[in-house]
Amino acid sequence: MRLVKKNVVINGIYEAGVRYPEPANISYLWNFGFFSLICLIIQLVSGILLAMHYSAHVDLAFNSIERLVREVDYGWLLRYIHANGASFFFIVVYIHMLRGLYFGSYQKPNAMLWVSGVVIFLLLIITGFLGYVLPWGQMSYWAATVITNLVTVLPVIGEDIVIWLWGGFNVDNPTLNRFFSLHYLCPFIIVGLVGLHIIFLRENGSTNPLGVKSHVDQIPFTPYFTIKDLFSFMIFLVLFFTFVFFAPNYLGHPDNYLMADSNVTPAHIVPEWYLLPFYAMLRSIPNKVLGVLALVLAIVVLAFLPFLTIAEVRSSYFRKIHKHLFWSFLALCFFLGFLGSQPAAAPYLICGLYSTIAYFIYILVLFPCIYIVEKMIIKTIMKTTVKKA
């Protein structure tokens, strides 16, 4: 113990991983932050190994991946770990964010913790899109063409930025090189932001299902939560490798097994499944500028939630109206995801437009203001009870 106390690094690890006090009543939903870190490590390691065999050239990229799968020892395993790792990364991040919404973990004094999380989420989306282009399949090529074209909505500089991104006048070899470089760089930026995220977490401590700050009902992280994390980690690995070994392409798109061809447009251009809700918002608005604005604001507006909400009671455990509101919001997000996977035609576009409006009403109006309604109802009930007494 004396050695631990003397060494700054060892003492820091000891304080963070052994003695760190956690609320005694947190559930398994609090494990998804840990899962996110595990997914980040999996993606970093598998991505670095994949980069050793990848050729960032339009004539070689597709074939280099096929060679990896067919000829490199366990290359198929590397590819499917990385591909399914991206999907599982977004699954655990979405659950992590939804848990924060449900239990009010985003509210002050955890505002900066939430904002840093939204920044990480935004960077994850960018990294996921960049990685989606690298296999240079049909869907990769056309997704890159469609999404990069959205930058043209920027006044004056939009066209110049697109030409710079493309490295020419269409998506080609310079584009692939740029995307590969950025895709390799972004995870390391995410690692830095995750470190900042953890610092903000340590500043105010973890929240709990009751949403009540307590310095009394806390227990050390080890052994209680270490065992809990290890148990849930084993379950996570079972689910993850079930997809890797038995359904490796279930979360992907079959068109990406066709080499990119600029002369053949896919019948239905779609991004990866985890971006479908935002894609539905983008294409449901007829005006291109407003569509891009809605796409960006749908993510950015989440960062303003801590500053819009003034609820004294955080957790939905005590807020029945907020609880029903949350589940209806979750259903709306699933519905947007479904709409994003459908062809760009009626009735999906009009449903997407109304769902997009509903999404912003939930975030900007209902979530911040529902506490006022709840407070009025509680006061009315209390007055009625006092009169009866």
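Note: Cβ is positioned from N, Cα and C throughout, glycine not excepted.
These come from Swiss-Prot:
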type: TRANSMEM; residues: 32-52; note: transmembrane segment
type: TRANSMEM; residues: 76-98; note: transmembrane segment
type: BINDING; residues: His82, His183; note: heme b b562 binding site
type: BINDING; residues: His96, His197; note: heme b b566 binding site
type: TRANSMEM; residues: 113-133; note: transmembrane segment
type: TRANSMEM; residues: 179-199; note: transmembrane segment
type: TRANSMEM; residues: 225-245; note: transmembrane segment
type: TRANSMEM; residues: 290-310; note: transmembrane segment
type: TRANSMEM; residues: 325-345; note: transmembrane segment
type: TRANSMEM; residues: 353-373; note: transmembrane segment
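Here the features listed in Swiss-Prot are painted onto the structure.
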| residue | record | DSSP class |
| --- | --- | --- |
| His82 | heme b b562 binding site | helix |
| His96 | heme b b566 binding site | helix |
| His183 | heme b b562 binding site | helix |
| His197 | heme b b566 binding site | helix |
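Counted over residue pairs separated by six or more positions, the transmembrane segment (32-52) shares fewer than 3 Cβ pairs under 8 angstroms with the transmembrane segment (290-310), which leaves the two as not touching.
Distance noted between the C-alpha atoms of His183 (heme b b562 binding site) and His197 (heme b b566 binding site) is 21 Å. Cα-Cα distance from His96 (heme b b566 binding site) to His82 (heme b b562 binding site): 21 Å (rounded to the nearest whole number). Around His197 (heme b b566 binding site), the C-beta neighbours below 8 angstroms that are at least 6 residues distant in the chain are Leu113, Ser116, Gly117, Ile120.
Long-range Cβ neighbours of His82 (heme b b562 binding site) (same chain, at least 6 residues apart, Cβ-Cβ under 8 Å): Gln43, Ser46, Gly47, Leu50. Its own atom aside, the Cβ of His96 (heme b b566 binding site) has 20 Cβ atoms within 10 angstroms in the protein chains shown. The Cβ neighbour count for His183 (heme b b562 binding site), using a 10 Å radius over every protein chain in view, is 21.
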